[in-house]
Amino acid sequence: MPRENQKRGRRAAEKAEKDAAKRKREEVPEDSLPKRLKPSTDESTEINQGADYIPFDENYNENYDGNYDENQADAPAGDMPFYGLLDPEEQEYFSRANEVLELNQFQDAEERRIFIDSVYKEANGKELKIACSQGCSRLMEKLISMSDMRQIHRLFNKFIGHFMNLVQHRFASHCCETLFINAAPGVTQKVSKSKSDKMDVDEEEGEEPEPELSLAEMFIKVVEELEGNWGYLLTERFASHTIRVLLLVLAGEPVDVSANDSVVASRKKEKLGLPQGETQDGDVSAQKRSVPDVFEATLKKIMKDIVSVLDDTYLRALATHPVGNPVLQVLVSLELSHFGKSSAKDPNSITRRLIPDESFEEGSETTTFVRGLLYDPVGSRLLETIVRCMPGKAFKGLYKNFIRDQITSLARNITAGYVVLRVLERLGKDDLQNALERIVPQVPSLLERSRMVVPKVLIERCLVRGVDTAPLARALEEAYDKDPARRLEQILRLESTTQEDLEESEQKPKGPNAAPSQSSTGEKLHGSLLAQTMLTAPGPISGLIYSSLLAQSSESLVKIAKDPTASRVLQQALTVPTSSAQFRRQFAPRFTSHLKELALDSSGSHVVDALWPATKDIFFIKERMAQELTQHEMALRDSFVGRAVWRNWAMDLYKRRRGEWAMKAKGIDNNNGSGERPKSRIELARAKFAAKAEEDAKKGAQKGVTA
């Protein structure tokens, strides 16, 4: 009798159960299935779960509201409040308004103000929808940046009561950040309506009343809304940057998002592209401000609440957390710089909990923690902040017992090297001399691996502290080719980039929008910065660059001038105080017969502009260059950068009033307002001798009278 065709075993049973479950899911109607948001794949939120990684417990904070899931991307859509969607007509209107603001073709500021008022009227009642909209949230950011304080005051009032949800939203969190930054200057002001504004309000029916709360009180309301959730918001991917801005605003510290070393916003943050000078407050956000007294007490309470819900282990784990680390940097800098370095003595302070032992003895818990931060790409940024702000006594212990003996190996490391830079900035003359002697033998290997930041900072600090740079100059000379022309190509990475471009063009065709590799661009930038720093040092270090520039042919100089990164070196060499008249007399004529080509180039035009002050004391060369520019007047006037060169060289004055142009070219009208010719050295000596003789004559007359 044949056996039944039956599969046996554990794997077969598991497969049968999966098939049954799959059939059940297919039979369920699609509408009854809960919809879930797509998980985020942002690389910035991925955490390397190594041996030193401690995950944050979801239920760690007892005060944390359980309705907010740690990963908002994986949470059901119903967990976050839904403020509604804009109608297609509304989306089209706000998209066109965004385009109008980007074009910025308003006749004057009054026309722009009227347009912004009309957009606010159209957005009345839809502010939360716009802030949470992917396409229109950028418009909200631009509106806030271009609004006056009264409009910001009203918008802030609309957001009150919703900040806990908005700061966690992918798009609305950026609107909150922009709102905090632009509202910060008004916390000490009382928003008063002018008579014209009051008349407009009386004429228009249905005008919304002015908010009863001041901006300072509104910031306190925001803190009250977020209270009890600080421990969770520290590591929330969207709320983190908004919390940083809020802390800095409460402290009255500068909130400069555009700075390269800013911890306020991510480097991937999209720029709004606002025209220069179109914001209401200009660069107020980059300045320190006075704040109400209640802000300082509120800030202290926030910092206390943040660290009270975390024990020492989790606080140190936050130091290597990619989202929580920038917030910790802000907290440490505020604790040490805003409240004073004496606050670090408090055993409950953040700094003391991170670094309890200031002696940094080998094998201690503090030394192990600091060593882990040194080589961690995320943690090293916190260590930079600690080194920059920590008290002098603690810094001396860190340097003498931990960093001094291994500063050479730390400088070679690509991550720890940045901490070494912060250490060099705080060293005194004797310690800097000792560090220079240790690092100088490693300079050739550092430059070979494109680690140019350490030699650059060494030069800067030696100039500040008055340390002899001759050993560093010899090390730099040994690191590069003996041929001066080749030396400059190696420093600026011109030779390597040319070879890379040739190899890439042979291997694969480039698209029209293909960009150069990030590594080569970074190397060129650091090489240019190193060369510019070398030019500021008097003596043999700057001589290495000057001799290399004189060894270049005119064609290679034109090529360097048209390079956006390398052209900065030429501008510096023409205008820096170490540039002698003898060098400029030999160097400036190399650009003649190439001025048209350079003036029409976006980078080369800046070199032509630098030739104007560089030839102040060699008038015959400047006059020859002006004649060459005159021959290509039409080509220069047809170009945007060419018109800038024509204006900076005062060529209209050259054509019409040659005598006045000559006085301006020699720098005579810049020395004094009367337009008098500056005295020569022999004339100054004669005047000094005459004044001394007159003084002696007066003294002799006085003696005769007394006798």
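Each Cβ is built from the backbone N, Cα and C atoms, and glycine gets one as well.
The annotation compositional bias 'Basic and acidic residues' is assigned in Swiss-Prot to 1-27.
Residues or ranges marked as compositional bias 'Low complexity' by Swiss-Prot: 57-66.
According to Swiss-Prot, the feature region 'Disordered' maps to 1-77 (among others).
Annotated region 'Disordered' per Swiss-Prot: 268-287 (among others), in sequence order.
For 497-523 (among others), the entry in Swiss-Prot reads region 'Disordered'.
What Swiss-Prot lists as repeat 'Pumilio 1' is 122-157. Per-residue pLDDT, averaged along the repeat 'Pumilio 1' (122-157), amounts to 90 for this model.
Among the features that Swiss-Prot reports, repeat 'Pumilio 2' is placed at 158-193.
When the repeat 'Pumilio 3' (365-400) is classified with DSSP, helix, strand and coil residues number 30 helix, 0 strand, 6 coil. The annotation repeat 'Pumilio 3' is assigned in Swiss-Prot to 365-400.
Under 8 Å from some Cβ of the repeat 'Pumilio 4' (401-437) lie the Cβ atoms of residues 359-362, 367, 370, 374-377, 380, 383-384, 387-388, 395, 445-446, 449, 451, 453-454, 457-458, 461-462, 465-467, 471-472, all in the same chain and six or more residues away from its ends. Annotated repeat 'Pumilio 4' per Swiss-Prot: 401-437, in sequence order.
Residues or ranges marked as repeat 'Pumilio 5' by Swiss-Prot: 548-588. Sequence-distant neighbours of the repeat 'Pumilio 5' (548-588) (same chain, 6+ residues past either end, Cβ-Cβ under 8 Å): 483-485, 487-488, 491-492, 494, 521, 524-525, 528, 531-532, 535-538, 542, 594, 597-598, 601-604, 606-607, 610-611, 613-615, 617-618, 621.
According to Swiss-Prot, the feature repeat 'Pumilio 6' maps to 590-627. Within the same chain, residues 552, 554, 557-558, 561-564, 567, 570-571, 574-575, 579, 581, 584, 635-636, 639, 641-642, 644-645, 648-649, 651, 654, 661-662, 665-667 sit at least 6 positions outside the repeat 'Pumilio 6' (590-627) and bring their C-beta atoms closer than 8 Å to a C-beta of that stretch.
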Contacting positions for the repeat 'Pumilio 3' (365-400) when only residues 6+ beyond its ends and CB under 8 Å are counted: 52, 263, 316, 319-322, 325-326, 328-329, 332-333, 336-337, 341-342, 344, 351, 354-359, 410, 413, 415-416, 418-419, 422-423, 425-427, 431
